[in-house]
Every structure is written in C-alpha cells, then in structure tokens.
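Written below as structure tokens is the structure these notes are about.
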Amino acid sequence: MASLGINLDHIATVRQARRTVEPDPVHLALLAELGGADGITVHLREDRRHIQDRDVELLRQTVRTRLNLEMAATAEMVAIALTIKPDMVTLVPEKRQEVTTEGGLDVVSQAAALQGQISQLQGAGIPVSLFVDPERAQLQASQRSGARWVELHTGSYAEASWSQQPLELARLIEGTTEARQLGLRVNAGHGLTYQNVEPIAAISGMEELNIGHTVMARAMAVGLQEAVKQMKELVSAPRQEPLFGAGLAAES
C-alpha cells in the first residue's frame, strides 16, 4: 500500500502573490496531517518563488509525520539541508523560467557532482531520493550514485491522451520493477490527480506518492483536511489494477 505525501508549494504560491503572511504552510501542514497525510513535501527553490527558508525551518519543528525537502543539487541547498536535517531530500532539476518541474534529473550526465552531494547528505543521516524519468539508463545511474531512493516522474503519464496512458503506465510499472531490482526504493509524483492516481498507487513496490496541486484545488471547495482524506482513500486502497505493456524508454 502506497503512502501519501502532500506537497504544500501551492499554499506558499498564494501567500507570495501578495507577499503577506497567509495562507501559512506550517498551519496547513497540520491540517494535511490531520487529514491522513503520511508526509509533507516542500520545494525550496533557488529563486524562493514560493516556499521560503523560514517555512522549512518551522516545518522541521512542527511536522509530526515526515518532512521531504525537494531541492536543486547545489552547494547552497546542500548546506541548508545539512542544517535543517529533513527526513528525506529529493534532488530535482530546476530552471528559473519553468512554471513547475518539467522533467527528471539527468543523472547520467551529472553523476560525478551528484555522488559528492549524495555522500554528504547521507553521511549526515539524510536519505536521498533522485527525481528521475522511468528510463533504464537514469535508474542505473541513480543506483551508481549511491542514492537510496528514486521518485519516478509521472508527468508523461498524467499528460498522456487516453490511448497513450496505458503505455505510459507500463513504463512506470517497468521502471518501478527495474529500480527495485537495482536495490532502490521507489516513490512517484507529478501531475497526479483524483482521476488518474489509482493505477499508480496500485503498482507493486510503489512506496509513496507526492501530490500537491490537485489536492489544493479540491481544498478550495471542501477544505484541506477533507481533500487530503479523499486522496488518502484512493492511494491507500486503489480500485484499479495496473495495466502492462510497453518496455522501458531509452534502453541502455
């Protein structure tokens, strides 16, 4: 059974639109936990467009489940993580011009730099996950980097047409299998909604789904605690069995 991590970045986006103090991600993290969230995820971007350093500091003190800090693989962010000591760090690609994270890390081309950062973080007792596309070469490079986890990018699945979605699902299923055979633990996220989450939650070996935008959108109608509860029910007991089909992309 997959667990549920709730991403609070969009709460901070609303706050930063007016540069004010509300809505407060720290307060809403508590409501998410009361709704059944198994963890809280925030992305501290280099441009600080939504989550701020102070948010992360306060969340570290108040989160009672798990705190997953998404961040770019930079010296500045590694130093912050070593100070804050979240329960997990997820290294993600970052571009200043993007609206949201657009794809997975290219671990293959960044292997040397990533190995050093991963060693620093895990040497301090902070498990590291790499946000990657479900491609064999990236998974193999992730394993060689020393990371203990990967988070599979589900954006292509979420954005696929009805006819293409089973093929994208098959890539995620096979990517999960490949990662586990390499000794990696597996999470997933990006673009998941109440309508498409169940096949991903049903994948054997999938440990946690990180979901934000769709939950915040529903929270506007039903409140955050209820929105999290509804998503938790889908993730905990998915009704749909996964489909099987296409092979891994970018075979090495």
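A Cβ is built for glycine as well, from the same backbone N, Cα and C atoms used for every other residue.
Binding of 3-amino-2-oxopropyl phosphate is attributed by Swiss-Prot to Asn7, Arg18, Gly212, His213, and the same site annotation extends, among Gly35, Gly36, Gly191, Gly223, to Gly191. Counting only same-chain residues at least 6 apart in sequence, those with a Cβ under 8 Å from the Cβ of His50 (1-deoxy-D-xylulose 5-phosphate binding site) are Asp9, His10, Ala12, Thr13, Arg15, Gln16, His43. With a 10 A radius on its CB, Asn7 (3-amino-2-oxopropyl phosphate binding site) counts 24 other CB atoms from all the protein chains. With respect to Cβ neighbours within 10 Å, the binding-site residues Gly191, Gly212 differ, and Gly191 shows the lowest count.
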